[in-house]
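S.K.: Following this message is one structure expressed as structure tokens.
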Amino acid sequence: MKGVENSDRESDTKGTDAEEEEILVCLKCYTSFTAVNTIGGIRNLFTFGLRLGGPQAYWITYIASSVLVVITALVLAEVCSALPAAGSIYLWAAASGGKHFGRFFGFLVAFWATTAWTSFIASNSQNISYYILSEIAVFNLDFSTDVNDVKFRAVQWIVAEAVLAISLIINYIPPTWYRWVFRIGTFIVVSDFVINIIWLPIGVSNSYGFQSAKFVFTDYENYSGGSDSLAWILCLFATGGIQVGFDASGHVAEETKHASTVAARGILTSCIACILVGLACVFLFLFCTPDLDILFSLDAPQPMVQFYALALGQRAHVAMTVITVLAAFSASCVSIVAASRLIYAIARDGVLPFSGWIGRLDPKTKQPANSITFLGIVAAILLCSILPSSLAFQSLVSAAGVPTIASWGLISFGLCFFTKKLKPKYSLGVFSKPFQFISFLWNTFLTAILLCPQEFPVTSQNLNYSPIILGIVSLFAVIAYFVISEDRWFKISKHIPEHLAEGR
């Protein structure tokens, strides 16, 4: 994949046939990768979600959120197809805000999107460390795996930082190798999904047996410490909160010809595929889970490792853990590709601090190496939150989801109230305004859920850091809005159609 030249975005969309072919291959692989890797997000928060309403709340909130996420994807695909090039999510925000609010919306979403991707990569690195270190509990080794033990958190932090470093190093490879990174990563994640679908039911049938349909569809449990109604709402943290990332094709496709239509189609198809694969995983794990009193007694940092050990056996489950770790590692590597392109695009337009350095291409490879380095530095700093808090993992997951979902809500708000005529290539017709309003309400509501505490009573040890992270990032965005010259914005806004820039 060739880099984008700083001088002119319009020349980016022309490119050579070879450039377009390679980018489209990567885009296709990434879309498939995102869809199938839904199993990773569900698996990471499965036990946590069951504590907030049990099986009944888990599958109901997943299906309900899926319908609303599809509506959001339709809205994003529509605005994406209205731009001359797919651009990045912050350009969609700028277009939605019109003449008076476009620049402010653009700055907010630029900072939010950068935070979301760096937080995801940090949380994924931490999650990999959870899977690796959970084997200590399975084999009863003489070392504490209690997340409240600061010594364990220190070891976990070291492992997570090492995983992050390896993921970053792989992204400095020559661009001609990218297609192999995508293909290998996609193969690993597809294998993860297929092996779970086949092997886990076989293991469960030969061990403790399946759960009944009555248990899956009607059993309700509340271990949140709060009210039942609050538990139902917080369950969306583990279901609706993980249905993100399908808009990544808009970041990767920026350099292609016909990027608007290619990326818009990729957003919708990836979203639908994610939901369908996720639905299969939800019911797979619900029917295969051990009794809840056993599941909640599992004391490993990632209980799914002990879940696999109970179903498959102490030795056999190691193979599943290895596949899980490789799949999560592949997710990090491929996500860095998409995230670095997004951050490069934002820095190229001068929105971020140190944009001159971040938006500089490597002279040899023509790749955004500095944006990869910037991404790694910020993610490494975020991982330091492991040391003081036992709920750092949930906080990082929130920080990865909140800015993205808040961005979707802001874009939907702008489209609904400030944009009269979108002129998209893919039009929702009479459903356009209603869907924009529904998307605005849903994503605002989900953002509030992800900012809430996940355990009660709230203490310094279980504090959810995501509101603090979002607040600080938003403050930086406001400062940048006032500090960075409007002359720079005129250079950016020329890529937004006049009828959108004027709010018509």
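Counting starts with 1 at the first residue shown.
Cβ atoms here come from the backbone N, Cα and C positions, even for glycine.
These came from TrEMBL, pasted as-is:
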TRANSMEM  59-92  transmembrane segment
TRANSMEM  104-122  transmembrane segment
TRANSMEM  154-173  transmembrane segment
TRANSMEM  180-202  transmembrane segment
TRANSMEM  229-246  transmembrane segment
TRANSMEM  267-287  transmembrane segment
TRANSMEM  318-339  transmembrane segment
TRANSMEM  372-393  transmembrane segment
TRANSMEM  399-418  transmembrane segment
TRANSMEM  430-451  transmembrane segment
TRANSMEM  463-484  transmembrane segment
S.K.: At a threshold of under 8 Å on Cβ distances, which of 59-92, 154-173, 267-287, 318-339, 463-484 pairs most often with the transmembrane segment (104-122)?
M.R.: 463-484
S.K.: Taking 3+ C-beta pairs under 8 angstroms (sequence gap of 6 or more) as contact, is the transmembrane segment (399-418) in contact with the transmembrane segment (229-246)?
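M.R.: Checked: the transmembrane segment (399-418) vs the transmembrane segment (229-246), in contact.
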S.K.: Taking 3+ C-beta pairs under 8 angstroms (sequence gap of 6 or more) as contact, is the transmembrane segment (180-202) in contact with the transmembrane segment (267-287)?
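M.R.: Yes, the stretches contact each other.
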S.K.: Considering only Cβ pairs under 8 Å, which range in 59-92, 318-339, 430-451, 463-484 makes the most contacts with the transmembrane segment (229-246)?
M.R.: 59-92
S.K.: Would you call the transmembrane segment (430-451) and the transmembrane segment (154-173) in contact, using three or more Cβ pairs under 8 Å, pairs 6 or more apart in sequence?
M.R.: no
